[in-house]
Amino acid sequence: MRNRKFSNYLYWGITAFLVISACILLVFVMIHMDRVGAGMGFLAEILMPVIYGAVLAYLLTPIYNRVSRGTEHILKRHIKSEKRARMAGKGAATAVSLAVLFAVVSGLLAIMIPQLVTSIRGIINSLPSNLYNLEMWLLSFLDDNPQLAADATEILNHTGLQLQTWVNQNIVPNLATWNENILPNLWDVVSTVSNSVMDLMTVLKNVFIGVIVTAYMLNIKDSFCTHGKKAVYGIFPLEWANRIIAEARYIHRVFGGFIIGKLLDSLIIGIICFCGMSLMKLPYVMLVSVIVGVTNVIPFFGPFIGAIPSAFFILLVSPVQCLYFVGFVFLLQQFDGNILGPKILGDSTGISSFGVLFSILLFGGLFGFVGMVIGVPTFAVLYNLAKEVIEHFLRKKELSCNTGDYDGLDYIENDQKTYIRKQED
């Protein structure tokens, strides 16, 4: 009896210690948020090759699993040792997965780079004539609309006066010391270029090491999952361990289905954009198709982000073709949002349209482009976790977990748990 009482005291003492420690840690993090953020950024920079490798390994896992199982199944007929067949299957799967990765990257670069160089060179070479044509078109348009021309002239005159005032106040007084500032400014330019080159070299180094990490992670992922399950069941009570494992499977299903499905969806949209623009004989087909395909990875805002610079490039060539392109992208976005996207992704996230918009704005603001890509599945996981916690407490109170039972609810009667609804007038 005394031992049980002592165990209860020990349990509550450890619980209180952990809660107080967590509160102290939270307060410390909030006070020193800048230092904690800098430390996390430094740690992420060090582990960037591992992050690249983990992402690539996750994307290549479906190919790896299929090749590994198929090769192992074939080799078992000819090799008596099951261990040797499994090792050979892993080696073949790793080689095929990396070969697919290199083939996809090399193929995309071989297709894109010449077309992009040609498109960009064409934009630069035709920029003066395109600007002249745009100017003539605007003048012709303004000649047909005298009132609009008068308003535009007034705006231009006002802008010119503001520009002249700014030049007189900020540029002219500094001309005397311009020669003294040339060398420091030149050094800043050289330093910026050097830092950009070093950043590019660092990214290439991280990607190269990340590919090596990918090969290792593909081979140890099963062992890693096994040790992870062992640790979870060893640390947590059985009921909580089962919930953690189930939640991990849900996270894998949501992220895997959404990211891989979104990549496939964006690839198809890029191909359709290329074919459609080729049929309509629009300019900069490859450049615009790449922009539209890449930005389509971002849910909701992606098509608009890609359409704006693309429409500007086409506008420099022909305003009429720009209108055709805008209409085509609008139809393409409707096709993707209503037909292709649901067909590929299905209801993989289980969140509403507002949830999609909210998650993109939140995680995009926090983590930039990466946040906009992974924001939707991350929010879906957090939403599902909050839903399970709420339903857990509802079941403890012996209340319904069906959302429809709370529609129009006035209150719940305490004794019989009767749902009392509002009486309509």
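Note: Cβ is positioned from N, Cα and C throughout, glycine not excepted.
TrEMBL: automatically predicted annotations, no manual curation.
If you check TrEMBL, you get these features:
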TRANSMEM  9-31  transmembrane segment
TRANSMEM  37-60  transmembrane segment
TRANSMEM  92-113  transmembrane segment
TRANSMEM  203-220  transmembrane segment
TRANSMEM  254-279  transmembrane segment
TRANSMEM  285-305  transmembrane segment
TRANSMEM  312-333  transmembrane segment
TRANSMEM  353-386  transmembrane segment
- Stretch in 37-60, 203-220, 285-305, 312-333, 353-386 most in contact with the transmembrane segment (92-113), if contact is a CB pair under 8 A: 203-220
- Item | For the transmembrane segment (37-60), distant same-chain residues with Cβ under 8 A (at least six beyond the ends) | 97-98, 100-101, 205-207, 209-214, 216-218, 221, 255-256, 259-260, 263
- Of the listed stretches (9-31, 203-220, 312-333), which one yields the highest count of Cβ-Cβ distances below 8 Å with the transmembrane segment (254-279)? 312-333
- Message: Let me spell it out: take the transmembrane segment (203-220), skip the flanking residues so only those 6+ beyond its ends count, and list any with a Cβ under 8 Å from a Cβ in it.
- Response: 48-54, 56-57, 60-61, 64, 90, 93-94, 97-98, 101
